[in-house]
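Enquirer: Dropping the structure in here first, questions after.
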Amino acid sequence: MVGVMNRLRNLDAYPKINEDFYRRTLSGGVITLVSSLVMLILFFSELQLYIHPVTETQLRVDTSRGEKLRINFDVTFPALQCSIISLDSMDISGERHLDVRHDIIKRRLDSSGNVIEAKQDGIGHTKIEKPLQKHGGRLEHNETYCGSCFGAELSDDACCNSCEEVREAYRKKGWALSDPESIDQCKREGFVQKVKDEEGEGCNVHGFLEVNKVAGNFHFIPGQSFHQSGFQFHDMLLFQQGNYNISHTVNRLAFGDFFPGVVNPLDGVQWHQGQQSGVYQYFIKVVPSIYTDVHQNTIQSNQFSVTEHFQGMEGGRMQSPPGVFFYYDLSPIKVIFEEQHVEFLHFLTNVCAIVGGIFTVSGILDSFIYHGQRAIKKKMEIGKFN
């Protein structure tokens with residue numbers, strides 16, 4: 001047993017020196033204090049990394065197919081009234097949605113930006129009494145109302161009971177509604193007068209769109225769009241002639257749900273129109289993103305980058321109607337964010353590296369200073385004797 005203990009004693013890599021042979025110096029004390037402080041700072045830095053999760057980023061090819069893209073928006077137009085703003089969306093697959101109204105809320109704003117009225121767009125219309133029937137007579141008691149579509153009926157039994165339904169029938173037919181005062185429903189509902197009453201007001205439009213996950217665009221324009229013979233036209237005659245002020249503020253624009261660390265570059269962006277009317281265009285590159293937290297909760301969302309361009313009138317004419325257009329395209333690369341905790345063994349290894357490294361470097365530095373001081377002192381003493 002004694003022999004085994006002696007062998008273990010011979011393996012000691014840390015031989016002890018009698019304290020009588022230690023020599024403490026001022027430089028050694030300063031180095032010890034500084035190295036201890038540095039060691040403490042690095043230890044707490046490593047401890048913080050261990051306690052808080054870190055986010056690892058990966059890039060992969062996006063192989064998803066047939067998915068939908070949700071676009072959340074909140075845009076304010078301080079100089080366009082709600083009754084003339086329409087929202088359209090279309091993509092390269094040929095799918096188009098004109099004058100989108102579902103999941104959209106418009107809020108009328110006064111000149112100071114205060115809310116006058118908020119309602120979901122396209123819901124309800126003015127109640128009318130004794131309207132003009134489809135057959136030409138007035139609605140009588142106990143008779144079911146069926147208004148005329150004025151030639152835009154898609155079938156013989158189709159009815160247009162409100163000005164909005166007449167406008168929709170005209171749009172589907174590819175016709176422009178140039179004189180709403182000649183339409184019985186619009187005249188009784190005071191549609192034109194309503195547009196005139198809202199002059200000078202602004203409008204806040206917010207909601208969301210569900211579109212195909214392919215390149216496309218959505219835009220806000222004054223007037224109403226309709227499709228005919230493979231072309232898209234815009235009916236703005238019934239509102240006003242002249243300059244449209246498309247100044248706007250993008251309060252929020254996001255392609256998907258929020259996740260930690262995401263930055264939407266258009267949030268809070270303002271643009272004020274000068275004298276010239278035109279088209280303001282945003283060109284957006286959407287990057288699919290997946291975020292997974294430490295609890296393995298996954299958020300499927302998107303990030304995007306954007307450039308802007310304003311196209312004014314050329315020679316007094318515009319190539320496209322005035323409005324605000326958002327053109328988006330999808331990146332083929334998907335970004336994956338994953339929160340991870342540093343493993344305890346990795347933390348322990350880093351702590352040991354910090355302690356050992358600083359201890360070794362400070363020992364080398366102390367030895368260099370000590371032996372340097374001794375050499376200089378020795379030379380000075382030799383010089384005195386000479």
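Every residue number used here counts from 1 along the chain in the order it is shown.
Any Cβ shown, glycine's included, is placed from N, Cα and C.
Keep in mind that what you see is a predicted model, and the values were worked out from it rather than measured.
Below are the features I grabbed from TrEMBL:
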DOMAIN    8-97  domain 'Endoplasmic reticulum vesicle transporter N-terminal'
DOMAIN    149-366  domain 'Endoplasmic reticulum vesicle transporter C-terminal'
TRANSMEM  21-44  transmembrane segment
TRANSMEM  344-370  transmembrane segment
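Neighbours and distances for these, please.
Expert: If you average pLDDT over the domain 'Endoplasmic reticulum vesicle transporter C-terminal' (149-366) in this model, you get 81.
Here the transmembrane segment (21-44) has Cβ contacts under 8 Å with residues 351, 354-355, 358-359, 361-362, 365-366, 369-370, 373 of the same chain, all six or more residues outside its ends.
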Enquirer: Which residues, given as numbers and ranges, are at least 6 beyond the ends of the transmembrane segment (344-370) yet have a Cβ under 8 Å from it?
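Expert: Sequence-distant neighbours of the transmembrane segment (344-370): 25, 27-28, 31-32, 34-35, 38-39, 42-43, 46-47, 49-50.
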Enquirer: Tell me the residue counts in helix, strand and coil for the domain 'Endoplasmic reticulum vesicle transporter N-terminal' (8-97), as DSSP assigns them.
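Expert: Once the DSSP states are binned, the domain 'Endoplasmic reticulum vesicle transporter N-terminal' (8-97) shows 35 helix, 27 strand, 28 coil.
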